[in-house]
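Among the features that Swiss-Prot reports, signal peptide is placed at 1-21, with the record citing sequence analysis. According to Swiss-Prot, the topological domain 'Extracellular' annotation covers 22-165. Annotated domain 'Ig-like C2-type' per Swiss-Prot: 29-117, in sequence order. The annotation region 'Disordered' is assigned in Swiss-Prot to 121-155, 192-211. The feature compositional bias 'Polar residues' is assigned by Swiss-Prot to 134-145. Taken from Swiss-Prot, the feature topological domain 'Cytoplasmic' covers 187-287. Per Swiss-Prot, the feature compositional bias 'Basic and acidic residues' maps to 198-208. Summarising the annotation, Swiss-Prot assigns phosphotyrosine to TYR251, TYR281. Under the heading motif 'ITIM motif 2', Swiss-Prot lists 279-284.
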Amino acid sequence: MSPHPTALLGLVLCLAQTIHTQEEDLPRPSISAEPGTVIPLGSHVTFVCRGPVGVQTFRLERDSRSTYNDTEDVSQASPSESEARFRIDSVREGNAGLYRCIYYKPPKWSEQSDYLELLVKESSGGPDSPDTEPGSSAGPTQRPSDNSHNEHAPASQGLKAEHLYILIGVSVVFLFCLLLLVLFCLHRQNQIKQGPPRSKDEEQKPQQRPDLAVDVLERTADKATVNGLPEKDRETDTSALAAGSSQEVTYAQLDHWALTQRTARAVSPQSTKPMAESITYAAVARH
């Protein structure tokens, strides 16, 4: 069988392995706030999102994706880490809430980071203020990840898996159709080599037609010969039959001209030139 189906199957398996590798989970990003998570009203705050090298877009989400902000201004924080910064110049009471990060590294989006809660309070100006000192970085607040919000992601991981299954299914169907086509071609080639089953019968039919024509002409010539007997010959035959004893004698008239011309008439029926009549009688005894 042709090696093409085997090569195509190997190509499909390699493609499936590549897609499966791309489907591996990306590391979760991290989020932090500078100068801290408790910010006086009117002050500034910067959210820092970090992820692996090769991130194309970082997204800062607030309150379970109800509000988000994307940025492609990604810098490399270390040889194995990249980051993006989201700054709020003047914090208001409406800025308080839960924040988390997510990043896009082709061809998929990562999981969400842990939640970070930002608190906004009125500035008291006292030395014992519980505000976070400038320059400090507060860690994220641990909250259970809400997987129900994944439906809003621009690129769904479930769709990627469905695409992989569809690709594998289409490849299997294509290989099956290709196999059927190869089998059909082989079967057709064998039929061409053997020839059609009725070709021999059809070749014999034209050869039988001249034989049938010759038989018809022979029967017609025999009838004409018998009918051409003169009345005297017929009477002689009748008297000979009556005078015979226990044996019966039958006379047969042989027309040499008719016998010699049968084949010629079958080949060229237009030749009607009369020839000398030659008749021979033969006595046949019937017991």
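Indices start at 1 and increase along the chain as displayed.
Using the three backbone atoms N, Cα and C, a Cβ is placed for every residue, glycine included.
Look at the domain 'Ig-like C2-type' (29-117): DSSP puts its residues at 3 helix, 51 strand, 35 coil.
Looking just at the topological domain 'Cytoplasmic' (187-287), the mean pLDDT is 56.
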